[in-house]
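Per TrEMBL, the features are:
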type	residues	note
TRANSMEM	20-42	transmembrane segment
TRANSMEM	54-75	transmembrane segment
DOMAIN	95-219	domain 'Phospholipid/glycerol acyltransferase'
TRANSMEM	131-149	transmembrane segment
TRANSMEM	362-380	transmembrane segment
Amino acid sequence: MAQLLDGAGKLGWVLLKAVLRFVFMFINNCVAIPSYCLYLLLLQPLRIWDSSAFWHFEGVMFKWLLAMVSSWGWIAGYTVTEWGDDVRPISEEEAMVIVNHQSTGDVCTLMMCLQDKGTVVRKMMWLMDHVFKYTNFGLVSLIHGDFFIRQGKAHRDKQLIYLKDHLDKYYHSRDRKWIVLFPEGGFLRKRRETSQLFAKKHSLPHLTHVTLPRLGATHVILKTLAAQQENGSVGSDTGTPNQTGNKRKGLQWVIDVTIAYPKARPMDIQTWIFGYRPPTVTHVHYSLDLNSYRFESASVLVRMYPIKEVPMEAEALTDWLYQRFVEKEELLAHFYDTGSFPLEDGQKGAVSRQMTLDPVRLCVIQLLAFASGFMWYSVLQHLYCCLF
(Lines of atoms letter the chains of each structure in order from A and count residues from 1; the text may use other names and numbers.)
(Lines give C-alpha, C1' and ligand atoms only; values in the text may rest on other atoms or scores of the structure.)
Protein backbone atom coordinates (compact mmCIF):
# COMPACT_ATOMS: atom_id res chain seq x y z
CA MET A 1 0.00 0.00 0.00
CA ALA A 2 2.84 2.36 0.88
CA GLN A 3 4.52 1.65 -2.45
CA LEU A 4 1.25 2.31 -4.27
CA LEU A 5 0.83 5.65 -2.51
CA ASP A 6 4.45 6.54 -3.20
CA GLY A 7 4.02 5.70 -6.89
CA ALA A 8 0.79 7.70 -7.06
CA GLY A 9 2.54 10.65 -5.44
CA LYS A 10 5.39 10.55 -7.96
CA LEU A 11 2.94 10.27 -10.87
CA GLY A 12 0.94 13.18 -9.52
CA TRP A 13 4.08 15.30 -9.26
CA VAL A 14 5.11 14.43 -12.82
CA LEU A 15 1.64 15.36 -14.12
CA LEU A 16 1.55 18.61 -12.13
CA LYS A 17 5.01 19.53 -13.35
CA ALA A 18 4.02 18.75 -16.95
CA VAL A 19 0.91 20.96 -16.68
CA LEU A 20 2.87 23.84 -15.13
CA ARG A 21 5.57 23.56 -17.81
CA PHE A 22 2.98 23.52 -20.58
CA VAL A 23 1.20 26.60 -19.17
CA PHE A 24 4.50 28.47 -18.84
CA MET A 25 5.60 27.58 -22.38
CA PHE A 26 2.20 28.48 -23.81
CA ILE A 27 2.38 31.92 -22.20
CA ASN A 28 6.04 32.17 -23.21
CA ASN A 29 5.10 31.58 -26.85
CA CYS A 30 2.15 33.98 -26.63
CA VAL A 31 4.40 36.86 -25.53
CA ALA A 32 7.66 36.07 -27.36
CA ILE A 33 6.56 35.15 -30.88
CA PRO A 34 4.06 38.01 -31.41
CA SER A 35 6.67 40.42 -29.96
CA TYR A 36 9.27 39.14 -32.45
CA CYS A 37 6.82 39.67 -35.33
CA LEU A 38 5.71 43.12 -34.16
CA TYR A 39 9.27 44.35 -33.63
CA LEU A 40 10.13 43.29 -37.18
CA LEU A 41 6.98 44.95 -38.49
CA LEU A 42 8.03 48.15 -36.73
CA LEU A 43 11.52 47.85 -38.27
CA GLN A 44 10.32 47.52 -41.88
CA PRO A 45 11.50 51.06 -42.79
CA LEU A 46 14.98 50.03 -41.60
CA ARG A 47 14.79 46.99 -43.89
CA ILE A 48 14.37 49.34 -46.85
CA TRP A 49 16.99 51.81 -45.63
CA ASP A 50 19.65 49.40 -44.34
CA SER A 51 18.91 45.73 -44.98
CA SER A 52 22.03 44.47 -43.20
CA ALA A 53 21.09 46.27 -39.97
CA PHE A 54 17.54 44.91 -40.17
CA TRP A 55 18.69 41.30 -40.52
CA HIS A 56 21.24 41.85 -37.77
CA PHE A 57 18.46 42.81 -35.35
CA GLU A 58 16.30 39.95 -36.62
CA GLY A 59 19.16 37.51 -36.05
CA VAL A 60 19.70 38.70 -32.48
CA MET A 61 16.00 38.22 -31.65
CA PHE A 62 16.00 34.85 -33.43
CA LYS A 63 18.92 33.69 -31.28
CA TRP A 64 17.06 34.85 -28.15
CA LEU A 65 14.01 32.83 -29.18
CA LEU A 66 16.14 29.74 -29.69
CA ALA A 67 17.73 30.35 -26.29
CA MET A 68 14.24 30.34 -24.78
CA VAL A 69 13.51 26.97 -26.41
CA SER A 70 16.86 25.68 -25.12
CA SER A 71 15.99 26.84 -21.61
CA TRP A 72 12.84 24.68 -21.58
CA GLY A 73 14.95 21.55 -21.82
CA TRP A 74 17.78 22.88 -19.69
CA ILE A 75 15.61 23.59 -16.64
CA ALA A 76 14.26 20.03 -16.89
CA GLY A 77 17.79 18.66 -16.71
CA TYR A 78 18.12 17.87 -20.41
CA THR A 79 21.70 18.84 -21.20
CA VAL A 80 24.19 18.25 -24.00
CA THR A 81 27.71 16.83 -23.89
CA GLU A 82 29.89 17.62 -26.92
CA TRP A 83 32.54 15.29 -28.31
CA GLY A 84 35.07 15.46 -31.11
CA ASP A 85 36.21 18.61 -32.83
CA ASP A 86 35.69 22.10 -31.42
CA VAL A 87 33.71 24.04 -34.04
CA ARG A 88 33.96 27.44 -32.33
CA PRO A 89 37.14 28.54 -34.17
CA ILE A 90 35.27 28.35 -37.50
CA SER A 91 31.98 29.86 -36.33
CA GLU A 92 32.45 32.88 -38.62
CA GLU A 93 33.19 30.76 -41.69
CA GLU A 94 30.54 29.43 -44.05
CA ALA A 95 29.67 25.79 -43.41
CA MET A 96 27.22 23.06 -44.30
CA VAL A 97 26.18 20.97 -41.30
CA ILE A 98 24.94 17.42 -41.87
CA VAL A 99 23.15 15.73 -38.96
CA ASN A 100 21.62 12.31 -38.32
CA HIS A 101 17.88 12.52 -37.65
CA GLN A 102 16.17 10.43 -34.98
CA SER A 103 13.32 12.58 -33.67
CA THR A 104 11.85 16.07 -33.35
CA GLY A 105 14.12 16.60 -30.35
CA ASP A 106 17.17 16.76 -32.65
CA VAL A 107 16.29 20.34 -33.60
CA CYS A 108 15.96 21.37 -29.94
CA THR A 109 19.29 19.69 -29.16
CA LEU A 110 21.03 21.66 -31.92
CA MET A 111 19.36 24.87 -30.73
CA MET A 112 20.97 24.28 -27.33
CA CYS A 113 24.47 23.19 -28.32
CA LEU A 114 24.95 25.99 -30.87
CA GLN A 115 24.08 28.78 -28.41
CA ASP A 116 27.74 29.34 -27.47
CA LYS A 117 29.08 29.21 -31.05
CA GLY A 118 29.37 32.95 -31.73
CA THR A 119 27.05 34.33 -34.40
CA VAL A 120 26.19 30.88 -35.78
CA VAL A 121 22.60 30.74 -34.50
CA ARG A 122 21.55 34.16 -35.79
CA LYS A 123 23.24 33.62 -39.17
CA MET A 124 22.17 30.06 -39.85
CA MET A 125 19.55 28.62 -42.17
CA TRP A 126 17.66 25.42 -41.37
CA LEU A 127 16.29 22.81 -43.74
CA MET A 128 13.44 21.07 -41.95
CA ASP A 129 10.50 18.83 -42.74
CA HIS A 130 7.46 20.82 -43.79
CA VAL A 131 5.53 19.64 -40.70
CA PHE A 132 7.64 22.02 -38.60
CA LYS A 133 5.97 24.88 -40.48
CA TYR A 134 2.80 24.15 -38.52
CA THR A 135 4.43 24.19 -35.08
CA ASN A 136 4.54 27.17 -32.74
CA PHE A 137 7.93 28.12 -34.20
CA GLY A 138 6.90 27.81 -37.84
CA LEU A 139 6.08 31.49 -38.36
CA VAL A 140 9.40 32.55 -36.85
CA SER A 141 11.32 30.17 -39.13
CA LEU A 142 9.42 31.43 -42.17
CA ILE A 143 10.35 35.03 -41.36
CA HIS A 144 13.96 34.06 -40.62
CA GLY A 145 14.20 32.43 -44.04
CA ASP A 146 14.45 28.72 -43.20
CA PHE A 147 13.36 26.20 -45.83
CA PHE A 148 10.65 23.60 -45.24
CA ILE A 149 11.00 20.61 -47.52
CA ARG A 150 8.27 18.12 -48.40
CA GLN A 151 9.30 14.47 -48.50
CA GLY A 152 8.24 11.83 -51.01
CA LYS A 153 8.83 11.02 -54.68
CA ALA A 154 5.83 13.07 -55.79
CA HIS A 155 7.41 16.28 -54.45
CA ARG A 156 11.15 15.56 -54.74
CA ASP A 157 12.05 17.24 -58.05
CA LYS A 158 9.93 20.34 -57.43
CA GLN A 159 11.30 20.71 -53.90
CA LEU A 160 14.89 20.74 -55.15
CA ILE A 161 14.01 23.50 -57.62
CA TYR A 162 12.31 25.45 -54.82
CA LEU A 163 15.39 24.93 -52.62
CA LYS A 164 17.73 26.28 -55.31
CA ASP A 165 15.52 29.35 -55.75
CA HIS A 166 15.29 29.82 -51.99
CA LEU A 167 19.08 29.73 -51.56
CA ASP A 168 19.60 32.18 -54.42
CA LYS A 169 17.04 34.57 -52.98
CA TYR A 170 17.74 34.48 -49.24
CA TYR A 171 21.09 32.90 -48.31
CA HIS A 172 23.42 35.68 -49.44
CA SER A 173 20.99 38.59 -49.11
CA ARG A 174 20.49 37.79 -45.42
CA ASP A 175 24.18 37.08 -44.78
CA ARG A 176 23.72 33.46 -43.74
CA LYS A 177 26.83 31.52 -42.71
CA TRP A 178 25.80 27.99 -41.72
CA ILE A 179 23.15 25.81 -43.30
CA VAL A 180 21.86 22.79 -41.37
CA LEU A 181 20.23 19.78 -43.00
CA PHE A 182 19.27 16.20 -42.20
CA PRO A 183 20.32 14.19 -45.29
CA GLU A 184 18.41 11.06 -44.25
CA GLY A 185 15.20 12.83 -45.23
CA GLY A 186 13.12 11.67 -42.27
CA PHE A 187 13.15 10.19 -38.79
CA LEU A 188 15.13 7.01 -38.16
CA ARG A 189 12.10 4.99 -36.99
CA LYS A 190 10.19 5.83 -40.17
CA ARG A 191 12.96 5.28 -42.71
CA ARG A 192 15.03 2.43 -41.24
CA GLU A 193 13.14 -0.48 -42.81
CA THR A 194 12.94 1.15 -46.25
CA SER A 195 16.61 2.09 -46.09
CA GLN A 196 17.66 -1.44 -45.17
CA LEU A 197 15.63 -2.93 -48.02
CA PHE A 198 17.23 -0.45 -50.44
CA ALA A 199 20.69 -1.29 -49.08
CA LYS A 200 20.09 -5.03 -49.49
CA LYS A 201 18.85 -4.58 -53.05
CA HIS A 202 21.88 -2.50 -54.07
CA SER A 203 24.54 -4.32 -52.00
CA LEU A 204 25.08 -1.33 -49.69
CA PRO A 205 26.00 -1.45 -45.98
CA HIS A 206 23.28 -2.59 -43.57
CA LEU A 207 22.67 0.28 -41.13
CA THR A 208 20.75 0.14 -37.87
CA HIS A 209 21.38 3.40 -36.03
CA VAL A 210 21.17 5.65 -39.11
CA THR A 211 19.69 5.34 -42.59
CA LEU A 212 21.23 5.84 -46.00
CA PRO A 213 21.25 9.56 -46.79
CA ARG A 214 19.52 11.11 -49.77
CA LEU A 215 21.59 13.11 -52.21
CA GLY A 216 19.20 15.80 -53.48
CA ALA A 217 19.34 18.67 -50.97
CA THR A 218 23.05 18.18 -50.22
CA HIS A 219 23.91 18.30 -53.92
CA VAL A 220 21.83 21.43 -54.50
CA ILE A 221 23.43 23.21 -51.54
CA LEU A 222 26.98 22.38 -52.63
CA LYS A 223 26.35 23.35 -56.26
CA THR A 224 24.67 26.61 -55.23
CA LEU A 225 26.77 27.81 -52.30
CA ALA A 226 30.26 26.40 -52.87
CA ALA A 227 32.45 28.65 -55.00
CA GLN A 228 33.10 27.04 -58.39
CA GLN A 229 35.39 27.91 -61.29
CA GLU A 230 34.31 27.67 -64.90
CA ASN A 231 35.76 24.15 -65.12
CA GLY A 232 33.50 23.01 -62.26
CA SER A 233 36.18 22.81 -59.58
CA VAL A 234 35.85 24.65 -56.29
CA GLY A 235 37.43 28.08 -56.18
CA SER A 236 38.38 30.60 -53.50
CA ASP A 237 35.27 32.77 -53.59
CA THR A 238 31.78 32.81 -55.03
CA GLY A 239 32.01 36.26 -56.56
CA THR A 240 28.77 37.05 -54.75
CA PRO A 241 28.99 40.15 -52.53
CA ASN A 242 27.68 40.00 -48.99
CA GLN A 243 25.80 42.80 -47.23
CA THR A 244 29.02 44.76 -46.68
CA GLY A 245 29.91 44.55 -50.37
CA ASN A 246 32.83 42.12 -49.89
CA LYS A 247 33.06 38.96 -51.97
CA ARG A 248 32.03 35.79 -50.18
CA LYS A 249 34.28 32.76 -50.08
CA GLY A 250 31.37 30.35 -50.31
CA LEU A 251 31.11 27.19 -48.26
CA GLN A 252 34.45 26.44 -46.60
CA TRP A 253 33.50 23.56 -44.31
CA VAL A 254 31.42 20.44 -44.02
CA ILE A 255 30.64 19.73 -40.36
CA ASP A 256 29.45 16.21 -39.64
CA VAL A 257 27.30 16.16 -36.47
CA THR A 258 26.23 12.91 -34.84
CA ILE A 259 23.56 13.01 -32.12
CA ALA A 260 23.35 10.11 -29.67
CA TYR A 261 20.70 9.60 -26.99
CA PRO A 262 21.26 7.39 -23.92
CA LYS A 263 20.06 3.81 -24.48
CA ALA A 264 19.14 4.78 -28.05
CA ARG A 265 15.95 6.46 -26.80
CA PRO A 266 15.49 9.66 -28.82
CA MET A 267 14.03 12.69 -27.08
CA ASP A 268 11.04 14.17 -28.89
CA ILE A 269 9.52 17.64 -28.70
CA GLN A 270 6.79 16.40 -26.33
CA THR A 271 9.45 15.38 -23.81
CA TRP A 272 11.14 18.74 -24.22
CA ILE A 273 7.85 20.53 -23.48
CA PHE A 274 6.37 18.41 -20.68
CA GLY A 275 9.62 17.28 -19.06
CA TYR A 276 8.29 13.88 -17.97
CA ARG A 277 11.58 12.04 -18.54
CA PRO A 278 14.28 12.11 -15.84
CA PRO A 279 17.26 14.45 -16.45
CA THR A 280 19.03 13.24 -19.57
CA VAL A 281 22.36 14.03 -21.23
CA THR A 282 22.29 14.04 -25.04
CA HIS A 283 25.65 13.48 -26.71
CA VAL A 284 26.78 15.35 -29.83
CA HIS A 285 29.85 14.43 -31.85
CA TYR A 286 31.44 16.91 -34.28
CA SER A 287 33.73 16.05 -37.18
CA LEU A 288 35.23 18.70 -39.42
CA ASP A 289 36.01 17.55 -42.93
CA LEU A 290 38.81 19.79 -44.21
CA ASN A 291 42.36 18.54 -45.15
CA SER A 292 44.99 21.25 -45.28
CA TYR A 293 45.35 22.09 -41.60
CA ARG A 294 45.68 20.22 -38.35
CA PHE A 295 45.88 21.58 -34.83
CA GLU A 296 45.34 20.44 -31.26
CA SER A 297 42.45 21.97 -29.35
CA ALA A 298 41.27 20.82 -25.92
CA SER A 299 43.27 17.58 -26.36
CA VAL A 300 41.24 16.74 -29.48
CA LEU A 301 42.86 16.31 -32.89
CA VAL A 302 40.92 18.47 -35.34
CA ARG A 303 41.10 17.19 -38.91
CA MET A 304 40.47 19.77 -41.61
CA TYR A 305 39.91 19.15 -45.30
CA PRO A 306 39.12 21.91 -47.80
CA ILE A 307 35.63 21.87 -49.29
CA LYS A 308 37.24 21.07 -52.65
CA GLU A 309 37.90 17.59 -51.26
CA VAL A 310 34.13 17.03 -51.14
CA PRO A 311 33.08 15.70 -54.55
CA MET A 312 30.58 17.77 -56.53
CA GLU A 313 29.49 15.17 -59.06
CA ALA A 314 26.36 13.26 -58.09
CA GLU A 315 27.76 9.72 -58.10
CA ALA A 316 30.94 10.56 -56.21
CA LEU A 317 29.03 12.73 -53.74
CA THR A 318 26.60 9.88 -53.09
CA ASP A 319 29.52 7.56 -52.22
CA TRP A 320 31.03 10.27 -50.02
CA LEU A 321 27.74 10.78 -48.15
CA TYR A 322 27.25 7.04 -47.70
CA GLN A 323 30.72 6.81 -46.18
CA ARG A 324 29.92 9.58 -43.69
CA PHE A 325 26.82 7.72 -42.52
CA VAL A 326 28.66 4.39 -42.31
CA GLU A 327 31.05 6.22 -39.98
CA LYS A 328 28.07 7.55 -38.00
CA GLU A 329 26.79 3.99 -37.68
CA GLU A 330 30.13 2.91 -36.23
CA LEU A 331 30.23 5.89 -33.86
CA LEU A 332 26.72 5.23 -32.58
CA ALA A 333 27.28 1.48 -32.25
CA HIS A 334 30.37 2.17 -30.13
CA PHE A 335 28.49 4.76 -28.07
CA TYR A 336 25.54 2.48 -27.32
CA ASP A 337 27.92 -0.34 -26.33
CA THR A 338 30.30 1.70 -24.16
CA GLY A 339 28.55 4.98 -23.26
CA SER A 340 31.17 7.08 -25.02
CA PHE A 341 32.38 7.79 -28.53
CA PRO A 342 35.62 6.10 -29.73
CA LEU A 343 38.94 7.83 -29.16
CA GLU A 344 40.47 9.99 -31.86
CA ASP A 345 43.94 9.14 -33.16
CA GLY A 346 46.53 10.10 -30.56
CA GLN A 347 44.05 10.35 -27.68
CA LYS A 348 44.71 8.44 -24.46
CA GLY A 349 41.29 9.06 -22.92
CA ALA A 350 37.83 10.16 -23.91
CA VAL A 351 37.46 13.94 -24.22
CA SER A 352 34.06 15.55 -23.87
CA ARG A 353 32.74 19.04 -23.10
CA GLN A 354 29.65 19.69 -21.02
CA MET A 355 27.49 22.28 -22.78
CA THR A 356 26.28 24.94 -20.33
CA LEU A 357 23.85 27.82 -20.64
CA ASP A 358 24.20 31.09 -18.74
CA PRO A 359 21.24 31.25 -16.30
CA VAL A 360 21.55 35.03 -15.95
CA ARG A 361 21.36 35.47 -19.73
CA LEU A 362 18.35 33.16 -19.93
CA CYS A 363 16.57 35.09 -17.17
CA VAL A 364 17.27 38.41 -18.90
CA ILE A 365 15.92 37.06 -22.20
CA GLN A 366 12.76 35.77 -20.51
CA LEU A 367 12.24 39.11 -18.71
CA LEU A 368 12.65 40.96 -22.02
CA ALA A 369 10.13 38.62 -23.66
CA PHE A 370 7.48 39.15 -20.98
CA ALA A 371 8.16 42.90 -20.81
CA SER A 372 7.83 43.11 -24.60
CA GLY A 373 4.62 41.12 -24.52
CA PHE A 374 3.14 43.46 -21.91
CA MET A 375 4.29 46.53 -23.87
CA TRP A 376 2.77 45.35 -27.15
CA TYR A 377 -0.44 44.32 -25.41
CA SER A 378 -0.71 47.82 -23.93
CA VAL A 379 0.04 49.47 -27.29
CA LEU A 380 -2.48 47.37 -29.19
CA GLN A 381 -5.11 47.83 -26.49
CA HIS A 382 -4.60 51.60 -26.64
CA LEU A 383 -4.89 51.59 -30.45
CA TYR A 384 -8.05 49.49 -30.25
CA CYS A 385 -9.62 51.91 -27.76
CA CYS A 386 -8.67 54.89 -29.93
CA LEU A 387 -10.15 53.34 -33.08
CA PHE A 388 -13.28 51.82 -31.58
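Note: Cβ is positioned from N, Cα and C throughout, glycine not excepted.
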If I take every residue in the domain 'Phospholipid/glycerol acyltransferase' (95-219) and average their pLDDT values, what number comes out?
90
Using a Cβ cut-off under 8 Å, which residues of the same chain at least 6 positions beyond either end of the transmembrane segment (362-380) come close to it?
28, 30-32, 34-35, 38-39, 64, 67-68, 71, 74
Quickly jot the same-chain residues contacting the transmembrane segment (54-75) by Cβ under 8 Å, restricted to those at least six beyond its ends, or write none.
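Non-local partners: 21, 25, 28, 32-33, 36, 39-40, 43, 46-47, 108, 111-112, 115, 119, 121-123, 137, 140, 143-144, 174-175, 243, 272-273, 275, 357, 361-362, 365-366, 368-369.
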Per DSSP, what is the helix/strand/coil residue tally across the domain 'Phospholipid/glycerol acyltransferase' (95-219)?
61 helix, 18 strand, 46 coil
